[in-house]
Every structure is written in structure tokens, then in C-alpha cells.
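Trainee: Could you have a look at this structure, given as C-alpha cells, before my questions?
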Amino acid sequence: MNEDHEAGNSSREAEVHQLARQFTDQSNYSAAGQNPFAVEAGSALDPNGEHFNARAWCKAMLQMHTGDKQAHPLRTLGVAFSNLNVHGFGSDTDYQKSVGNVWLEVLSLVSKAFGQKQRKIEILQNMEGLVEAGEMLVVLGPPGSGCSTFLKTIAGETYGFHVDKNSNINFQGIAKQMAHEFRGEAIYTAEVDVHFPKLTVGDTLYFAARARAPRHIPGGVNATQYASHMRDVIMAMFGISHTKNTIVGNDFIRGVSGGERKRVSIAEACLSNAPLQCWDNSTRGLDSANAIEFCKTLRMQADINGTTACVSLYQAPQAAYDYFDKALVLYEGREIYFGRTSMAKQYFLDMGFVCPDRQTDADFLTSMTSHLERVVQPGYEGRVPRTPDEFAARWRASPQRAQLLQDIKCYNAKFALDGEYLDKLKQSRRAQQAKAQRVSSPYTLSYVQQVELCLWRGYQRLKADPSVTISSVFGNTIISLVIASIFYNLKADTSTFFQRGALLFFAVLMNALGCGLEMLTLYAQRGIIEKHSRYALYHPSAEAFSSMIMDLPYKIINAITSNIVLYFMTNLRREPGAFFFFVFTSFVLTLTMSMFFRSMASLSRSLVQALPFSAVLLLGLSMYTGFTIPTGYMLGWARWIAYINPISYGFESLLINEFHNRDFPCMNYVPSGPGYTDLGLNNRVCSTVGSVPGQAFVNGDAYIESAYIYTASHKWRNIGVIFAYMFLLAAVYLVATDFITEKKSKGEILVFPRGHEALKKGKSDEDLEEGSGRSVTVEKTGSDGLTMIERQTAIFQWKDVCFDIKIGKENRRILDHVDGWVKPGTLTALMGVSGAGKTTLLDVLATRTSVGIISGEILVDGQPRDDSFQRKTGYAQQQDLHLSTATVREALEFSALLRQSAHVPRQEKIDYVTEVIKLLDMTEYADAVIGVPGEGLNVEQRKRLTIGVELAARPQLLLFLDEPTSGLDSQTSWAILDLLDKLKKNGQAILCTIHQPSAMLFQRFDRLLFLQAGGRTVYFGEVGENSQILIDYFVRNGGPPCPPAANPAEWMLDVIGAAPGSHTNINWFETWRKSPEYARVQEHLAELKRERPEQTNLFRTTSSQKREDKASYREFAAPFCAQLCEVQVRVFQQIWRSPTYIYSKTALCVLSALFVGFSLFHTPNTIQGLQNQMFGIFMLLTVFGQLIQQIMPHFVAQRALYEVRERPAKTYSWKAFIISNIVVELPWNSLMSVLMFLCWYYPIGLYRNAEPTDAVSLRGTQMWLMVWTFLLFSSTFAHFMIAAFDAAENAGNLGNLLFLLCLIFCGVLATPGQLPGFWIFMYRVSPFTYLVSGMLSVGISNTNATCADNEYLRFDPVNGTCGKYMDSYISNMGGYLEDEMATSDCSFCPIKETNVFLSSVSSSYSEIWRNFGLMWVFIVFNIFAACLLYWWVRVPRVKKPVAKTE
């Protein structure tokens, strides 16, 4: 355990930390010990002090723990497994889905449903093993050998594969209960880091500690103090205390470094207190010291607490391997060794294999799975196993396996299933659980406590990022003000009846649909919540419940601010009871519809699934409120929609609230005007529905009864119905959250374009995780691809580089006077602890930073960097970001075509890509689709592609690589270094950050730049043979000698005190600055600066290149037209290969159009019917919101790839990016317009209105053109909105706000004549004004109108016939009589022609082409505005040259 080392105490910290967490699970304070919860600041037990000693803290916790064992029984969990077989189901047609072939998938699903058998893929075969409580198992094997599947199986996470029913797994006497009752006792920690990005590290870990805090807490502290202390201890142990107030971040939101984020994930899992822990490559991204420290932590936890750990490691330092008790070696899903780590190497040596010098045991064991790496002893060539099956057979025949079976048998006898240990574990869990928690629950806290804790986290998240909430409140208040000003101070007479209905309709919709964007945030956080559920921290429904409560203050504020403005400015019923009822109903509707959106999100597994159906549902809810289609006009087959629609009940109640028991003076009588001045009340009638001859007013109850068939007695009944819906939807939401998980990938299977040769070959049964298997080195013929790689001559140097960034109010120096150079034909390693600034230095040197202040001197051949620098360098980032729909070859060709010099012929660039593919050994999967992690290329293949994309660009200066071996096993890491070696030998200059290099790997670097925390240089110089130059430097300056068997890369981290527990009294930064090596570096930098410009100028002169082509200094290699062409082709390809996106867009357009069309099927041309047809157009436009919600996330994903990788590499310009993304939507939306037109225009029956004038074809074409411009406007408007915003949610909020303004001012809800003068300009600038006017005039002009029975106005003539009595009025005002010869009870219809209705809403068929032209003006404006906004907000400005500091 290296306890004699000076670093021993601290190095145990992490172990102790785990230990501590377990200790606190079961503890009572012993008076003899010191209470670690009540210590002096700065003491050895204070995790926030400099002198914190993990071992001392651990001992103190141990003393507290040993008191009351009944209250805190120790909980351990081992596992034995035998005959363990795991399989998945695959298909021979692993082809890429596209818009054209996705139907074949439907056919295959149908055939599966009818019993066609799928191909079974064996993942794990005949596994046997035993890991007892307190033991550690290391799982070794290359990526795709089944390591992850094995760990997931042990932890009970079997989504996507099947454990054979005859498999035997015994968790110390427990079997079937593990998955549910004891979930959280065995946990699986995945390789990826999933956290709330805007939450701080401190809050993230406090939450985990509090969620598993035991009922009985030692030391006299409460749960909050306990959780805070545990958080501080674990952060101190993992060396992340300094990140406490920094947000965690993710790949796109800047937070802590990648290594620090990995340690946050480890710390969070540790705080879950699980007695059986499965860690899947959890050291990925950690330096060697932290990786070893992690294993030490697990070792101490196992020794003292009896915790069991199963860990897969892809690059295991020898020191880390030595902490494990047992090893499992997997070879393509077969077990080829299981036993003591100390005996594993000898087992294979005895078989006839040789372990090369300085190869670690773990690397040697893993090398057994590769025929290219394993070395056979002379004379054993024919006797050693070669295939996975042969290795497995040799293992099954071995005495070690016989002993293992005997041990498993004894274990199963000792821990019989459902025996006494099951009761012991239940008692132990019960002692920890809150009193209110069920015994059979896997959770520690009670449900109420879980909700409270999630509420606390919700508040922290809101504080960290209130932008969406604030923008929502602001947007809704603006909308309310706008609507209120349109309907300002409505008169209390009959002239405002329609306006009051329209106002209440809009108020209901605004309150009901304002929370639609909640769906987006629910999908974003789903993966995090499911991980916490697997750790048994809380029920997903507890988080759901807390988020409902967390949103209440916002909803209350929103209801008050929006509705007060709306109610009083518009002069709705000025009575206290009516006002409070209005606000109350609006608020209850908001809550109910929030539950509707949330339940929609929880019932579907992805946003793409949910959007089309939720859009149609929303359309249904909006149309069937009772306003756009009054109850009497609802068709029989669809009337039930109103009964299940909560909004319709709210609208009815608000209408009753406004009109009940009120009489409204009549403002317009029929007949009236010249000749009708002195009429009695019986001889004229109010021209409003619900009027009664002889009355000078209209009763409100009569009006709503006649127009809407509403009854006053329903007012409070409806509120009860809305509440019932609210509780029902809330229950659906909470239950679905607990049971329906997000869409997961099923394992890494290579996907090829349909028809590719790889699909025609019979596949071998590979590991499901792997698909096409590891990319083994293929024997090459002839050239290995090096001949085409340009030999470089430029020298890159930097001096006194500093980088400062503002975090909060303080300035923090990330890099501190860093010097160095990279020369052609050299491989330079950049190393340091996690968070030392390695990636930041690469970003600064590669001109990739967008924030912060850079100072110092960065030169190429003694000259400052020019505009072309970024495209002349290659930068392989740590994150493997690629376009998921492209193939490997397409990705490489895209890079080559756009980044290689324009003078290179196209065919030569494509040939060069073929050479790169050979060089990188990617021939097997060159035409495979990249896919997303899990479905497509595996980790190693992605990493090769990342490097390949940069090589394809033919970088003329140098190649930067950030963690090229991160997450890869030792074999693949070696292959990557082989590749770098090839490049180096051909003159490539390479600067590469690296974590966890083995001694053999480290030896392959020529030079090392070594940074300590704070971005300070510790060493820059040659590594030397066997790292001797490096070792001599540190020993000479006071470091301890390097043991012969030690890995120098790990040793030097210990020497400078960079390992979490190590300590040094030497200031290595100052030592370096005072060393002769530093002086020589400064001299050489000055020499390079002085001589290189002269040498390069001489070279240019002698080679007849006195004036280099201007093109080589351009910012982009390819001209703009070539950029646009290539990018456009790629985006079209991507859309074609995204069938889900296209078909969800199709479903949205077709289903919405059909729904509106058939809801208003063949609507008659009555007064209400004409209004319904107008609302048919109005409701069709409401799909606008869903259309832009579909486009925005798609665009954000594209933009992330462009801004994170392609823009910094100067692959193509922002103009090509934004234009191609706008253009690609236009053809698809043109196709959608045809479908939408056909599904809407004909069912609604508008074509019949063109028959009298024989213009059916012309007006049909005109209507399609208007629908077409609507969809083109929608897509360009979506890009206009999202161009500047980071988040689709914020852009969606603003887009919805502007969409509502367009809708409000289009002339439907309030005609131009009814608008206040101030708002006339909005009527004129709203695109929907011209759209609705054009569609309405084309749809209903130049035909006759009639009245329905309840629309006729009835009165008695003064004398004579009705015709004679009304003759003068009809000639002036229009209209017709039902029976002109009647002498009493005249039935008069005020409208005879549809053009009269059109003129009332300021629409005219003569303006159709003007309206069409104006829509194109708006479309073009959107495109220009999107480009301008993107340039203004998101394109980095040209920075000043780097300042030189002395």
C-alpha cells in the first residue's frame, strides 16, 4: 500500500472519503474519540483546511461508528455467478435509415410482430466468477469485448440485452429482489458524465450526500450539516475542493475541466454508499496519479467497509492493478481467465506467452485478446490457443477454473437464496431509511424528504439560470399589454359582443398554452434523473412533483401580472367576484395544461416522438374551445373533443362570468337609417344574435345561449371538471415519470448505407457492444499512406504565454508564463494534473479561445500568426464531435475538399483521403455511418476519425491533439501512438496532451512540457532514453530517486505533489525558472525568433517563390462558392438521412391540415359559417409554433458542431453555414405545402366557392401559393429567431411572442376598424395580415351567402309586406328577406354575398398578387435578418495581435 511513502496519508484520502461515507451510515459517537463534525478550523480533521488528513479523519469516523451496531449494522454485498449467458437481438439489415428507405423498417417491424425470428447475438458466454464482500475485481478486455455488458448485468441494468433465464447470480443470498427492492445497493457508473450543467460542483455533491443520508446521524449533527461535511470531505479527497462554486458544465457549456468533471461523477457515485459498485472505465480523462488514487480509494473502502468493487480499466497503471484482488479477462464475450490478480500473469506465461519488458500486468493480460500484440515463446507456436473459443476452452479445462467452481459452490451453500442474509440486509437498510419510508423501498429518504430535496435543487438551478423563467414572464406580460391595448376599454353594449368573445378566447389560450415549452426542459434533464433513480437517490416522480411546486411561484406571478393588465384595461366586468373568478379560472387552467404538456413529455421517449402528436392535440384543444367552432357547428363525430377538452370548460365559465345576468344596450338596429327614424320597438330589432323584438337591449344569458349554447348553471361545474382533469393528468405525469424511460441505444452496431457490400456479407456473431469488432491493423500492401503527407518545415514557438479569465468578480490566471516550441518531425507531450490548463494552452496556441485575456508571444518561423493559421493547423479535440449521419469517408472528404489548398485538384484531395483511411487502418469501416455513441462507431473508431479529419486537411504547420488516447484501451492507445510516430517520421510537428501513459507509451515522446496546477511550467525539454534526462532533472533538484520498475509519468506527478495525496516542499515552478534548462530554452527561443525569418525568406527566394500565392494567406482555403456547394450537399444529405425529422414534419403538416379540414367539413356560407372558414385559416396558421420548435433543436445541433469544431478550424465561413441551413429547409417545406394544401383545402370545401365564377383551378393554385409562402416564412423565421440564441427554449419563447403578435394583428380577432389608431402600424407590418387576407379572399370571394335559422332577424313591418317595408334598407345596406310577401314576423338576413363579409375584415380578392408578393418580402427579410443576427451575435470579432509581455 506504500504506507511508508510521505504521500501515504493524503493519498488515502479518497479511500478514506468513501470509508467515511460508509462510516457515517452506521455510527454512534464514542466519547474516547474526536468528533470529526466538530473540529477546529485548520485542524487535520477539517476538510476545508490545508492540513486535512484523510487517515486521521477516517479513524475518528471509525471510532464514532463502532458504538451501536444495532442502529448501524454493517452492510456488505458479494456476488457469485455461474452459467451466465447474455444475448441481444440484431438484424442482418444494419443499414442507415433515410427518408426513402425507412418504410422497409416498418415492413420489418410488421414481420417481427408476426413472429419472424431475429438473429440472436451472443454477448457474454458461460461466465463464472465469485467476488466476495470486501474484494475488488478488475475487468480487462478491449472495447467491445463485453466489459460494459458484464458490469451492467451485475448491477441489474439490462436494457437492450437479455440475461439467459438459466443464468445463476447470487448476491450473497439475494437474487430477484436486487433489481427493485435493493436497487441502489448495486450501482453501475457509466463512462459518460451526466450532470445538470448549470449546477455548481458543491451543490451537485451536497445533493447526492443528502439523498443517502442515514436516519441516525452521528456526532450530534443534523442531516444538512452531515451532507455538507460529507461533500467537503469527498471534494478534499478527490482534489476538487477548489471547484466548489464552479458550475459542472458539459461539452457545450464551459464549467470544470474534463478530468474534474470525471471526479465529480466518481464522487457522486461514492456518496451513494452502495456496498456493490460497478465502475465502467471511470478513470477515463484522469491523469495517472488520480487514476491510482481512485483505485486506492476503492481499496480502502473494501478493506474497512467490506465494499465490493468491479472495475473495468482500459489503461491500468501497474500501481492501480496491484490494488485489485481478482481479475476477469474477456475476449469477444468469452471468459478466458478469472482468479487472483497475482496469479493471472503466470497463468498465461505457463500457457506459452511472453510478457515484454516494462509492460504492465494489465496490458499483458489485455494483449492476450489481440493476435497482433501477444508474443509466443519460441517452440510454443503450435500449442498456444489462437481464437477466442480456443482460449475459453483452455480456461474451462484448467485447474484454476475447477477451483473457482468449488469456491462458487461453497459460497452458494453459505449464502442460500432468500436465507438469513436477506433479512440482515433488510434490517440494515431499515436502520438507514427514514421512518416514513416503506421497508421494501430502495430509497433512503421518505417521499416527502425526496420532494423537499429536489425542491432545494430546483431553486439552485433557477438561481443559476433564471433566463427562461424571466423571458417567459416578460413575454406573457408584453402579450397581455398588447391584447389589452387592442381591446382597450370595450363599451358595455352589443357592438363589443364578438370582441369580448375573441378577448376571452385569447385570454384562455394564453393562460393554457403558455407553458408549452416545459416539454423541452423535461427532455433535457431526463438522463440525469434516470441516473439518480438507478443510484436510488430519489423517485423520478419526486423530482417531477418538486418541479411542479417549483414552477408555482412563476405561474402565480404570471397569472397575476398578465391577467390584471388584461382584465382592467379591456373593461371586462368590473365586479370583485367576477374579477377574482377570472384570475382563479385562468390560473387553474394554466396548472391543468402544464400537467397536460408534462404528461405528454413523460409518455413519450423523445421530443421527436412527442411533437407531431402534441401539435395536433393542441390544435384540437384550441379549435374545440367553443369560440372558433361554436358548439352548434361542431360535427357529430367530433363533438366529444369538446367534452374532453379542459380549455372548453374554462372558456364557457369565463363567458358565463362575463355575460351572466347582464343587459347590454343595443347599438345597431335593423332596419335603421333614412326612412326608419320613428319606428316602434316591435318594428325593428337589435342586429345581434339573442335579440328579442321589442327590447332595446340584449340579455347576456340569451346571447351566450343562442350563439354558443352555454348555460349559466355550468359555471362552477366546469371548474370542478377542470380540477378533475388537473389531478388526472398530474397522476399520469407522475406515474409515467417513474415507469417510462428515455430512448436508449442498444449497443454499438456499425451502420452502413443501404446496399453497401458489408451488409451483403454474412456477419459473424460479434459482441453486441462492438458490432463490426475492433479495427485491427490490416496487412497493407505497398504504400502505408505516408508518401502523400507533406513534409513540414515551419517551427512553432511561444514565450511567456499567460491567459487570464474573469470568474465571478475575481480574475483567475489559468496559464502563467508558459514557454516552448514544436519542431517538424518531433512529438511533444503536454502533461499535468487535471485542471492544470493543458487544454486551455492548446486552445490559446491554436487561436481557439473566445473569452479571456491572452498575453505573450506566439510565432511561426519567427513571425506572428496570420489569418490562415487556424486552417493550416490540425486540432483533434478531446470530444469526438462529428455529424452523425455522415459516413467516415464523407467526413474525411468534406475536411479535405474545404481545408486543403484551393490549387490542389479535387481528385487528388479524394485520393489523399483514401491514403488517410489506409494510414489510420479504417478501411473496414470507411463507409460506415458515424452515428451517435452507442449506435455507430465505437470510442476507438471515433477517436481515429477525429484524428483523420485533421490529417485529411493536410495541416501545413502542426497537429494539436487533446487527449487522443482518452477512453481507449492500451492496445488502441499504442496504435494511436504508432500513427503519431509515422507522422512524426515524415516531418509532422505534433503537440499532444496525454493522460495515464504507460512507461512504454511515455517513452515514445521526444519532448515534454509539464504543467502544474495554475498553468505553471515545471519542465520543458527532452524526455531522453528510458526517460533518463527527465528523471535526472527532478532528482538533481531535490526529488526522490525513481524506482527501476516505476512508470516515470506517474513518478513525476508524485514528485511535484500533483497526486491528490502527495505533498512536496519544493516550489517546482520557481525551481524551473532558476534552472540552466530554462535559461537554454530562453536562449533558443530568442535564436529562433532572430534567425527563422531570415532562413524562411532565403528558402522562398532560392525556390523561386519570392511572392507566395495570396491564396495561402486567406482565412479559408476554398472559395466561398465551393464552401457553399459542399456544405449544401452535406446538409441535404443529413436531412435525407434524418427520416424521423422529415416524417414528424410531414405528420405535423398533414394531421393538422386534415384535422382542421374535417372539423369544418364543407362548412356552409352562413354568417357563422363564413366566420368558421376564416377561423379555419386562422387555426391552420397555429401550427407555426410547432414547426419552428421542430426546426430549432435540429439547427442547434448543427451549429454546435460548426462552432465547436469546424469554425475554429476555418473549414468554411459562417455565411456558408447559415445560408445552407436555411436553404435546405425550403424544398422540404415546398413539398409539405402541397400535402397541407390538399389535406385542408378540399375537406373544408373552399373549392366550392370558386365554382360560380368557374375559377376552381386558378383559385386552387393561388391558395397553394399562399400555403407555400406560409411554410417558407415559418422555416426562415425559425432561423431568424434561433440565429442569436444559445438555447432553443429562449428562441422559442421569443418566437412564440412574435408569432402571437402576428396572429393578434392579422385582422381576424380585431378588424382594422376596431384596432386603436396606435396599433394600425402593427396590422400593416404583420405578415399574417397579408397571408390571411390573401387566403380568405381566394377561399370565399365572389359567391352567395345565406343565414342559419338563429341568424335571421325577426320583426313586424309597420304596414304592408315585409318586402315593401325593407325595400329602401336592402337597397342601401344589402341583405335579403326569407319571404318578401309576408305581412308579419319578417325574417331578414343581413348578408347576401360573401364579398360583404370580406370587406368587413378588409380583405379583397383584387389584392391577391400584392399579398403574395409581400409574403416574399417577409421571407427575404427573415433570411437577411438571420444572417445579420448570426454575424452580429455569434461570429467572433477579429482580435488584436497577442501582446508581448516582458
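Using N, Cα and C of the backbone, Cβ positions are placed for all residues, glycine too.
Copied straight from Swiss-Prot:
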BINDING   GLY832, VAL833, SER834, GLY835, ALA836, GLY837, LYS838, THR839  ATP binding site
DOMAIN    104-357  domain 'ABC transporter 1'
DOMAIN    796-1038  domain 'ABC transporter 2'
CARBOHYD  ASN9  N-linked glycosylation site
CARBOHYD  ASN28  N-linked glycosylation site
CARBOHYD  ASN222  N-linked glycosylation site
CARBOHYD  ASN281  N-linked glycosylation site
CARBOHYD  ASN305  N-linked glycosylation site
CARBOHYD  ASN1344  N-linked glycosylation site
CARBOHYD  ASN1359  N-linked glycosylation site
TRANSMEM  468-488  transmembrane segment
TRANSMEM  502-522  transmembrane segment
TRANSMEM  548-568  transmembrane segment
TRANSMEM  577-597  transmembrane segment
TRANSMEM  610-630  transmembrane segment
TRANSMEM  719-739  transmembrane segment
TRANSMEM  1147-1167  transmembrane segment
TRANSMEM  1177-1197  transmembrane segment
TRANSMEM  1217-1237  transmembrane segment
TRANSMEM  1265-1285  transmembrane segment
TRANSMEM  1301-1321  transmembrane segment
TRANSMEM  1412-1432  transmembrane segment
Trainee: For LYS838 (ATP binding site) and ASN281 (N-linked glycosylation site), determine the Cα separation and express it in whole Å.
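Mentor: Rounded to a whole number, the Cα-Cα distance is 22 Å.
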Trainee: Let me know how many other Cβ atoms fall within 10 Å of the Cβ of VAL833 (ATP binding site).
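Mentor: Here the count is 26.
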Trainee: For LYS838 (ATP binding site), what is the secondary structure state per DSSP, taken as helix, strand or coil?
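Mentor: DSSP call for LYS838 (ATP binding site): helix.
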Trainee: With pairs fewer than 6 apart in sequence excluded, do the transmembrane segment (1412-1432) and the transmembrane segment (1217-1237) have three or more C-beta pairs that lie under 8 Å?
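Mentor: Contact confirmed: at least 3 Cβ pairs fall under 8 Å.
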Trainee: Do the transmembrane segment (1177-1197) and the transmembrane segment (610-630) share at least 3 Cβ pairs under 8 Å, sequence separation 6 or more?
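Mentor: Result for the transmembrane segment (1177-1197) with the transmembrane segment (610-630) is yes.
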Trainee: What's the CA-CA gap between ASN1359 (N-linked glycosylation site) and ASN1344 (N-linked glycosylation site) in angstrom, rounded?
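Mentor: Here the two Cα atoms are 30 Å apart.
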Trainee: Using SER834 (ATP binding site) as the reference point, find which of the glycosylation sites ASN222, ASN281, ASN305, ASN1344 has the shortest Cα-to-Cα distance to it.
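Mentor: Nearest listed residue in space: ASN281.
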Trainee: For the recorded positions ASN281, SER834, THR839, work out the Cβ neighbour count at 10 Å and name the residue with the minimum.
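Mentor: Looking at the recorded positions ASN281, SER834, THR839, the Cβ with the fewest others within 10 Å is that of THR839.
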Trainee: The transmembrane segment (1265-1285): which same-chain residues, six or more beyond its ends, come within Cβ distance under 8 Å?
Mentor: 1149, 1181, 1184, 1187-1188, 1191-1192, 1195-1196, 1218, 1221-1222, 1225-1226, 1229-1230, 1232-1233, 1236-1237, 1240-1241, 1291-1292, 1294-1295, 1298-1299, 1327, 1331, 1334-1335, 1338, 1411-1412, 1415-1416, 1418-1419, 1422-1423, 1425-1427, 1429-1430, 1432-1434
Trainee: Can you check which residues sit near ASN1344 (N-linked glycosylation site), meaning Cβ under 8 Å from its Cβ, same chain, 6 or more apart in sequence, and list them in order?
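Mentor: The list for ASN1344 (N-linked glycosylation site) reads ASN1165, PRO1252, LYS1392, GLU1393, THR1394, given in order along the sequence.
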Trainee: Can you tell me whether DSSP puts ASN1344 (N-linked glycosylation site) in helix, strand or coil?
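Mentor: In the DSSP reduction, ASN1344 (N-linked glycosylation site) maps to strand.
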Trainee: Any residues 6+ beyond the ends of the transmembrane segment (1147-1167) with a Cβ under 8 Å from its own?
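Mentor: Residues 611-613, 615-616, 619-620, 623-624, 629, 633-635, 638, 1173, 1175-1176, 1179-1180, 1183, 1186-1187, 1190, 1232, 1235-1245, 1248-1249, 1271, 1340, 1343-1348, 1351, 1389-1391, 1394, 1397 contact the transmembrane segment (1147-1167) from elsewhere in the chain.
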Trainee: Residue list, the transmembrane segment (1301-1321) vs rest of chain: Cβ under 8 Å, 6 or more residues beyond ends.
Mentor: 479, 482-483, 485-488, 499, 502-503, 505-506, 1174-1175, 1177-1178, 1181-1182, 1327-1329, 1331-1333, 1400-1403
Trainee: Using ASN281 (N-linked glycosylation site) as the reference point, find which of the binding-site residues VAL833, GLY837, THR839 has the shortest Cα-to-Cα distance to it.
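Mentor: Ranked by Cα distance from ASN281 (N-linked glycosylation site), first place goes to VAL833.
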Trainee: Pick out which of the recorded positions ASN222, GLY832, GLY835, GLY837, LYS838 has the most other Cβ atoms within 10 Å of its own Cβ.
Mentor: LYS838
Trainee: Using a Cβ cut-off under 8 Å, which residues of the same chain at least 6 positions beyond either end of the transmembrane segment (719-739) come close to it?
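Mentor: Contacts of the transmembrane segment (719-739) (Cβ under 8 Å, skipping residues fewer than 6 from its ends): 539-541, 543-545, 548, 584-585, 588-589, 591-592, 595-596, 598-599, 602-603, 646, 649-650, 653.
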Trainee: Return the average pLDDT for the domain 'ABC transporter 2' (796-1038) as a whole number.
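Mentor: Reported value for the domain 'ABC transporter 2' (796-1038) is a mean pLDDT of 88.
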Trainee: Roughly how many angstrom lie between the C-alpha atoms of ASN222 (N-linked glycosylation site) and GLY835 (ATP binding site)?
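Mentor: That separation, Cα to Cα, works out to 34 Å.
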